[in-house]
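Report on the structure given below.
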């Protein structure tokens with residue numbers, strides 16, 4: 001009987017020792033979800049943005065600007081060439097800048113740079129693209145030689161202008177909402193800080 005009691009005591013000590021060593025061991029099995037580790041280590045696509053109006057318009061703008069640029073690049077001869085060169089610059093610039101913003105917004109990369117006002121950045125991009133695409137399309141329509149590539153470039157230029165104009169309107173609304181929300185947050189923060197300052201003298205008088 002005594003041997004059995006000693007054996008039970010030895011097993012209890014061994015189990016408690018193993019539990020302590022297991023708790024203090026640095027090599028613990030991770031229970032972190034796989035999706036969370038992927039989100040921390042890699043990029044994560046935002047399907048809600050791509051399904052929204054601004055995301056769809058961004059995709060349409062990139063496609064239209066690219067097609068307009070391809071159409072203008074197929075023209076081999078021009079006289080005068082100023083309108084063609086201007087349209088080429090506008091379509092290429094709009095494609096690159098809008099494409100970069102689309103990648104940043106769809107992958108939530110802009111959240112890693114909170115110092116930049118991205119709503120205002122998007123508004124400026126869409127507004128300038130609307131203006132310059134409209135001017136470039138009018139100039140190319142007035143100075144083209146009625147070739148198929150030039151006519152196609154003009155058509156896609158005006159389509160891109162329309163897409164950027166709608167996006168400018170939506171971006172303006174989003175920017176106004178963000179400005180109002182920021183001002184409201186600043187007001188609430190200022191009220192909270194003022195209440196804290198007013199309550200400190202009373203606390204000091206009670207302490208004395």
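Using N, Cα and C of the backbone, Cβ positions are placed for all residues, glycine too.
Owing to the predicted nature of the structure, the values given are computational and were not obtained by experimental measurement.
Feature annotations, courtesy of Swiss-Prot:
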- 1-11: compositional bias 'Acidic residues' (COMPBIAS)
- 15-25: compositional bias 'Low complexity' (COMPBIAS)
- 49-176: domain 'MARVEL' (DOMAIN)
- 194: phosphoserine (MOD_RES)
- 1-38: region 'Disordered' (REGION)
- 59-79: transmembrane segment (TRANSMEM)
- 85-105: transmembrane segment (TRANSMEM)
- 123-143: transmembrane segment (TRANSMEM)
- 151-171: transmembrane segment (TRANSMEM)
Checklist entry - Same chain, outside the transmembrane segment (85-105) by at least 6, Cβ under 8 Å from its Cβ: which residues? => result 46, 49, 54-55, 58-59, 61-62, 65-66, 68-69, 72-73, 118, 121-122, 125, 129, 132-133, 135-137, 139-140, 153, 157, 160, 164
Checklist outcome for this item: If one takes Cβ-Cβ under 8 Å and requires six or more residues beyond its ends, the residues near the transmembrane segment (59-79) are 50, 87-88, 91-92, 94-95, 98-99, 102, 129, 133, 140, 145, 147, 149-150, 152-153, 156-157, 159-160, 163-164, 167
